[in-house]
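Peer 1: Among the features that TrEMBL reports, transmembrane segment is placed at 36-54, 177-196, 227-248, 260-280, 292-310, 322-340, 352-371, 383-404. According to TrEMBL, the feature domain 'Peptidase S54 rhomboid' maps to 222-372.
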Amino acid sequence: MEQVAEGLIITGEVAWVSSWGFVTTPINGYISIRTWYWYPVYIAKLLLLSALFWSACTECLLCCVCQLDPDNTGFIAVENFTSLVEHHELQLDPSKLDMLFALVQSNEEGQVSRAHTQSFRRAIANGRRTLQREILLDETGLGVYKRFVRYVAYEILPCETDRRWYFHQNRLCPPPIFMAIITIVQIIVFMCYGIMLNKWVLQTYQPDFMKSPLVYHPRHRHQVWRFFTYMFMHVGLEQLGFNALLQLMIGVPLEMVHGILRISLLYMAGVLAGSLTVSITDMRAPVVGGSGGVYALCSAHLANVVMNWAGMRCPYKLLRMILALVCMSSEVGRAVWLRFSPPLPSSGPQPSFMAHLSGAVVGISMGLLILRSYEESLQKQCSWWVIVFSFITFLLFAIFWNIFAYELLGVQLPPAP
């Protein structure tokens, strides 16, 4: 027996149709084509309810924001935030409340950003440690390692909250091994070639030096690894000493604070940009030395200090800034003199200095953003993707340049060593 009920043809029993158009179909029944007329109505009602719900939530949120931030500046006054936390109706852990108060009251500008950092969210999430309200420099009874960690925090981080957070959550594992390994390998390679060539200064004047498979030479640019491995070779003891000193004095503290992934990415980006820039702008010259990566680290750190000059608490920062700029400029001047000094007939053109400048550009752009994003996700920042896109564009341009430009421009390259 067939029964028809509201557009349904059911065999054996009557279907049930709710006021929302929802249909329960019996196991032994079948639905005619007319059933589907109810689904658009059901979906439309769901969409209407969703729109009303989100509209109410938005109005409530805007009301709260207008009360806490009436001028729409993107910041909430510390007094308003403290009052909100004190009179909340949620059951929060007391240690988490102490963490909130410590983070808020430590803000020197008396404002709280509505865009919380990852360290702020992590502090609220675990609630394991209460940040002390005292200035970190007032901490007493510290061991040697903790004193060094405090020194690193004041050298690298401009915000007191970030300094205390780094100081309390710092662990020795994993250690800053990247810069240490790079420096050790550079020293070992230099000593091997120094013994083999019996020359410790201006090794590039030795013809056998350029025969190394690590040196970038325009005749061997098809060997892709040379765009990276040139950083292990150095002109002489003076360049190696300068680079190793900066890598250990600046690179290691940066790696301790920002992690091995970010600092290794910045260093290797400076190294790659250095060799690619030389292949474009100084097409006949070879490249040796880790100056591209070193200048990426140094320029990023110096730019971060300048941008956060008031917040940095490192002692004698002006004197040290001037000293660093003088040393870096002297190294660039030495590289320029070496590049244009008359070479020996058998040695060919001397290494280019363009790697120093390109490394500095990478540090000021990519490096500055990395250093200013302590405990914050880079992937969520639009400026990070702009920089990544720009670097990839430069990389693709350099690849095509190395493939086609040398032959099209008829560049007379020096003979292969």
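We count from 1, first residue shown onward.
Glycine residues also receive a Cβ, built from the backbone N, Cα and C atoms like all the rest.
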Peer 1: Would the transmembrane segment (227-248) count as touching the transmembrane segment (383-404), i.e. at least 3 C-beta pairs under 8 angstroms with sequence separation of 6+?
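Peer 2: Judged by the Cβ rule, the two regions do not touch, with the required three close pairs absent.
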Peer 1: Which residues, given as numbers and ranges, are at least 6 beyond the ends of the transmembrane segment (227-248) yet have a Cβ under 8 Å from it?
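Peer 2: That would be 179-180, 182-183, 185-187, 189-190, 193-194, 200-204, 209, 212-216, 221, 268, 271-272, 275-276, 286-294, 297-298, 327, 331, 334, 338, 351.
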Peer 1: Given the transmembrane segment (322-340), which of the listed stretches 177-196, 260-280, 352-371 has the most Cβ pairs that are under 8 Å apart from it?
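Peer 2: Result: 352-371.
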